[in-house]
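Chemist: Dumping what TrEMBL says about this protein:
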- 22, 32, 63: Mg(2+) 4 binding site (BINDING)
- 22, 63, 202: Mg(2+) 3 binding site (BINDING)
- 33, 34, 110: Mg(2+) 1 binding site (BINDING)
- 34, 63: Mg(2+) 2 binding site (BINDING)
- 41, 251, 301: substrate binding site (BINDING)
- 109, 110, 135, 204: ATP binding site (BINDING)
- 205: Mg(2+) 5 binding site (BINDING)
- 20-128: domain 'PurM-like N-terminal' (DOMAIN)
- 139-285: domain 'PurM-like C-terminal' (DOMAIN)
């Protein structure tokens with residue numbers, strides 16, 4: 001998060017209770033909105049309209065999952081330039097098929113023209129199952145858990161941009177992870193229903209940024225232990241490169257959460273989850289590599305300057 005983003009959010013946080021979380025909460029519902037912009041979030045030379053539809057749903061349902069809630073309803077608005085009439089059919093197919101997969105109902109939206117690029121906005125509404133899980137609930141001593149292996153989305157983008165085609169299921173998974181990501185809806189429901197997390201966020205901007213957000217809002221710090229990481233299984237890269245992908249790849253939509261529970265208690269509900277660190281009172285995000293502790297840098301994508309992160 002850069003200084004402009006921090007300024008915008010901090011100004012709103014002072015007056016509006018739920019600004020800074022994945023969703024706003026009202027009564028027993030959560031609501032979120034996301035925008036996708038051509039040449040920022042997707043490139044139609046790489047992604048099909050269908051795949052853009054899938055990603056639009058994923059970005060929003062992942063926010064619902066990160067609150068420990070169940071997605072119920074979805075709305076989307078679309079701005080199209082004159083040269084893109086072909087876009088609508090495939091885009092809506094991607095939207096509808098992905099919503100159907102998670103039993104979410106499309107209840108409305110809007111269309112308008114655009115002079116330049118495709119612009120998409122979507123809104124998702126979910127139902128709180130138990131109580132919402134916020135980013136701000138991490139406690140000193142909590143363990144930090146991941147519900148999957150981040151890094152594959154950025155690797156998939158690299159493979160596509162460099163026309164690298166290798167017949168290996170892990171390479172195919174990386175490409176699909178970038179083009180057609182899926183949210184961890186069921187995992188979010190399980191976490192919410194069983195009170196497994198004190199704080200939670202989805203990895204849309206990169207692990208290094210997201211764990212920093214949990215710590216900032218919780219008034220804590222953390223240590224991440226690199227020896228506990230499960231790195232992407234892609235033999236094209238050296239371990240140090242895989243570590244960077246693991247820490248900084250965006251659009252992963254994997255749930256990152258904190259909990260006082262032991263790993264065997266968590267894996268009873270979420271077999272794929274594993275510990276990667278612990279919450280501390282140091283107010284810093286630290287990475288243990290070998291016998292050294294270093295301050296973790298945020299190399300994730302930044303929308304408001306020229307730093308493009310891993311992409």
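Cβ atoms are placed via backbone N, Cα and C, with glycine included.
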Chemist: What subset of the binding-site residues 63, 109, 202, 204, 205 lies within 10 angstroms of residue 251 (substrate binding site), using C-alpha positions?
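Modeler: If one measures from the Cα of residue 251 (substrate binding site), the binding-site residues that come within 10 Å are 202, 204, 205.
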Chemist: Sort the binding-site residues 63, 109, 135, 204, 205 by C-alpha distance from residue 33 (Mg(2+) 1 binding site) and give me just the closest.
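Modeler: Nearest listed residue in space: 63.
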Chemist: Just to be sure I understand: of 34, 135, 202, 204, 205, which binding-site residues have a C-alpha no more than 10 angstroms from the C-alpha of residue 63 (Mg(2+) 4 binding site)?
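Modeler: Of 34, 135, 202, 204, 205, within range: 34, 202, 204.
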Chemist: Note down the number of other Cβ atoms within 10 Å of the Cβ of residue 33 (Mg(2+) 1 binding site), including every protein chain shown.
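Modeler: For residue 33 (Mg(2+) 1 binding site), the count of other Cβ atoms within 10 Å is 15.
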Chemist: Closest to residue 41 (substrate binding site): which of the binding-site residues 109, 202, 205, going by Cα position?
Modeler: 205
Chemist: Could you tell me how many residues in the domain 'PurM-like C-terminal' (139-285) are helical, how many are strand and how many are coil under DSSP?
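Modeler: Across the domain 'PurM-like C-terminal' (139-285), DSSP assigns the residues as follows: 60 helix, 26 strand, 61 coil.
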Chemist: Counting by DSSP secondary structure, give me helix, strand and coil numbers for the domain 'PurM-like N-terminal' (20-128).
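Modeler: Split by secondary structure, the domain 'PurM-like N-terminal' (20-128) comes out as 32 helix, 45 strand, 32 coil.
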